[in-house]
């Protein structure tokens with residue numbers, strides 16, 4: 001029973017992270033619908049050294065997030081989905097360094113609302129690491145059989 005509860009919890013974790021990715025990804029397909037659109041475009045512009053046009057960058061991000069979401073929801077290639085999501089999560093923290101004036105209040109350097117929005121992603125990172133660990137453990141079980 002304990003193993004069942006553990007598997008159920010991890011499946012729910014994968015499903016809920018997938019739903020979040022899917023929802024926020026779909027929003028980015030529609031201009032001005034995502035509250036993070038401007039920040040995402042500015043961040044991708046910095047990361048790509050301005051090589052990717054704004055509209056292309058947000059559509060690519062929307063496709064990535066929607067794809068990760070579907071992969072996690074459907075349980076399709078979960079290890080790849082988790083690695084993609086972890087890579088994406090690393091990029092979500094870069095505005096803290098690129099745009100500290102937006103991420104922190106002056107002069108106290110407490111997180112602004114945007115900084116808190118970014119900071120909460122640490123929970124998603126921890127959940128993804130848990131899913132990756134479970135994925136590796138289940139792979140070891142299958143390899144031993």
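Cβ atoms here come from the backbone N, Cα and C positions, even for glycine.
Because TrEMBL annotations are produced automatically, they should be read as predictions rather than curated entries.
Lifted from TrEMBL, the feature list:
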- 7-30: transmembrane segment (TRANSMEM)
- 56-74: transmembrane segment (TRANSMEM)
- 81-99: transmembrane segment (TRANSMEM)
- 114-132: transmembrane segment (TRANSMEM)
Field: Considering the transmembrane segment (114-132), which listed stretch of 7-30, 56-74, 81-99 counts the most C-beta pairs under 8 Å
entry: 81-99
Message: What residues elsewhere in the chain lie close to the transmembrane segment (7-30), defined as a C-beta under 8 angstroms and at least 6 residues from its ends?
response: 36-37, 40, 58-59, 61-75, 78, 81, 85, 124, 127-128, 130-131, 134
Query: Looking only at residues six or more beyond either end of the transmembrane segment (56-74), which have a C-beta under 8 A from one in the stretch?
result: 14-15, 17-29, 31, 37, 40-41, 44-45, 48, 80-82, 84-85, 88
